[in-house]
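J.: Just passing along the structure, written as structure tokens.
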Amino acid sequence: MSLHLVSVVNSASLIHPGFSLMNFDGGVFLFGQKGWPKRACPTGVFNVRYKQGELKLRPVSFCNDSCYLPPLRCPAVTQLAPENPESCETEQYLIHGGKTPNNEFSDHLYIMSLESRGCNKKVTLQCVEKELVGEIPEARYGHTINMVYSHGKRACVLFGGRSYMPPGQRTTENWNSMTDCSPHVYLIDLDFGCCTSYTLQELTDGQSFHVSLSRKDSVYFLGGHTLASNSRPPRLFRLRVELLLGSPALSCEILPYGLSLTSAIVTRLGPDYEFVIVGGYTSESHKRFECNTVVLDDSGIHIMTRETPEWTGEIRQSKTWFGGSMGEGSVLMGVPAEGGQALSESNNFYIVKLRQEEELGQTCSQESTDQEQENSTPLEDSEEFYFSREPDELQDDDVDDDTYNEEDEEDESQTGYWVKCCLRCQVDINTWVPNYSTELNKPAMIFCSKGEEGHWVHALCMDLSEDLLVCLSQENTKYFCMDHMEVVQGLQTPPQKLLPVKHPPMKNQHRKVPVKLKMSPAKKSFIRRLFE
């Protein structure tokens with residue numbers, strides 16, 4: 001067992017407590033970046049490449065029929081491996097729950113798989129959301145999910161975690177207060193998405209950030225933290241699931257020689273059911289420097305003490321640490337850097353190799369983090385990571401063109417949606433709020449056709465109404481902004497001045513005129529006397 005200091009050339013600020021590592025076709029993929037994804041990598045998933053003591057991160061794209069996957073911290077992740085290791089089924093991962101950058105919890109279940117790998121090493125993933133019905137587990141984080149196989153069937157077991165207090169008990173004072181989820185065991189049928197909740201008398205307290213290992217029809221739970229008692233008792237449970245034809249049968253057994261740990265990292269050694277537990281905590285202020293080997297077989301579980309690496313003084317003195325499994329006995333660990341002024345130097349990273357004779361393997365992974373020590377305040381956009389390269393560029397192991405260079409990064413305050421479109425531009429990335437119903441997290445823009453290339457302007461700065469904006473976007477008409485409208489009008493051919501045509505008034509042929517009677521004075525006098 002050895003410990004190696006590594007450098008993350010693509011900015012270490014992307015990797016923070018709560019991330020997850022997955023493995024597809026021998027490659028390690030990072031999920032759960034800090035903050036919301038940017039345009040350079042809208043998926044928020046990155047390929048992690050380790051070479052000559054350096055970690056390089058490359059953005060990964062999703063196929064067209066994939067769903068939206070938000071960056072989730074501390075979700076439950078497990079590999080959807082076939083019961084038969086020799087099967088040719090596609091590698092898949094289950095992702096449930098987790099916390100978004102807005103500190104909102106997710107209750108969705110996603111299935112991620114490898115869609116394609118091109119000849120230029122371009123990786124395309126597929127993410128599909130599985131619709132759940134029945135007794136759906138509440139939104140949570142810090143829980144575990146495992147696969148069980150019995151009688152030719154399969155199901156996934158979900159247990160533990162934390163969540164916000166129920167809506168009826170949530171007040172202004174305890175709005176962000178956490179509570180343990182109920183100690184129910186959820187059984188999820190992946191074929192139909194049916195969820196069923198089970199209550200077992202052996203499981204009396206909720207627990208989170210525990211370790212779970214599964215083999216065939218059994219799941220083992222080790223350690224964990226209970227908020228109600230603020231304790232980490234040395235627990236060990238064995239949950240057995242029999243997928244019978246009628247209704248599944250669940251049984252739980254309390255086993256001796258448990259482990260007191262939370263937020264530990266678990267890595268698997270090869271295809272056998274041999275695991276190594278590294279890191280974690282024994283209390284709120286004490287890290288766990290011991291390592292254990294765990295073997296699962298037909299007779300049960302076997303826990304043995306294992307040789308530990310020579311931890312550096314920086315690791316021993318740090319208050320927190322976090323990490324994840326890169327597969328094949330290799331673990332990526334991070335500790336806060338001492339005196340790191342730049343954001344990219346806020347953490348130092350190490351790789352623990354549990355096998356001296358082998359190179360860094362990259363197979364199955366199971367995330368484990370230190371979310372108990374994390375501050376729950378929202379993360380700012382300025383703390384996020386940016387990429388200047390597109391994910392479909394060619395990759396070459398012999399050329400280091402994928403190294404992130406901060407000077408080459410695109411400044412979003414000058415380009416894209418946050419461009420200063422005119423001298424009176426009102427859009428600011430720090431103070432902008434949606435103005436149109438079509439806006440979500442970016443301002444509405446419209447294309448000005450001035451010149452050969454044209455440019456984009458904000459609809460708000462052009463004082464466009466929502467109806468006019470929708471009309472211009474639907475019709476195939478050219479639009480010119482306020483600054484170029486007069487210029488365009490000046491380029492047009494001025495109309496020819498013509499003298500006005502005089503139209504003489506026409507006489508009305510049917511005009512009615514009063515009738516005048518010609519009478520002599522004698523007749524007028526006679527008629528006057530007649531009416532008198």
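Even glycines carry a Cβ here, placed using N, Cα and C.
In case it helps, TrEMBL gives these features for our protein:
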BINDING   CYS421, CYS425, CYS448, HIS455, HIS458, CYS461, HIS484  Zn(2+) 1 binding site
BINDING   CYS481  Zn(2+) 2 binding site
COMPBIAS  362-379  compositional bias 'Polar residues'
COMPBIAS  393-412  compositional bias 'Acidic residues'
DOMAIN    416-494  domain 'Recombination activating protein 2 PHD'
J.: 10 Å Cβ neighbour count around CYS421 (Zn(2+) 1 binding site)?
T.: 23
J.: Using Cβ atoms only, which residues of the same chain lie under 8 Å from CYS448 (Zn(2+) 1 binding site) while being at least 6 residues apart in sequence?
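T.: Set apart from CYS448 (Zn(2+) 1 binding site) by at least 6 residues yet with Cβ under 8 Å, we have GLY454, HIS455, TRP456, VAL457, TYR479, PHE480, CYS481, HIS484.
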J.: What same-chain residues, at least 6 away in sequence, bring their CB to under 8 Å of the CB of HIS458 (Zn(2+) 1 binding site)?
T.: CYS421, CYS425, GLN426, VAL427, PRO443, ALA444, MET445
J.: List nothing but the one residue from CYS425, CYS461, CYS481 whose Cβ has the fewest other Cβ atoms within 10 Å; the candidates are the binding-site residues.
T.: CYS425
J.: Determine the mean pLDDT over the domain 'Recombination activating protein 2 PHD' (416-494), rounding to the nearest whole number.
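T.: Computed over the domain 'Recombination activating protein 2 PHD' (416-494), the mean pLDDT is 74 on the 0 to 100 scale.
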J.: Is it possible to get the count of other C-beta atoms within 10 angstroms of the C-beta of HIS455 (Zn(2+) 1 binding site)?
T.: 16
J.: Determine which residues of the same chain, besides CYS421, CYS425, CYS448, HIS455, HIS458, CYS461, HIS484, have their CB within 8 A of the center of the CB atoms at the recorded Zn(2+) 1 site, and list them by sequence.
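T.: Result: VAL419, CYS422, TRP456, VAL457, MET462, CYS481, ASP483.
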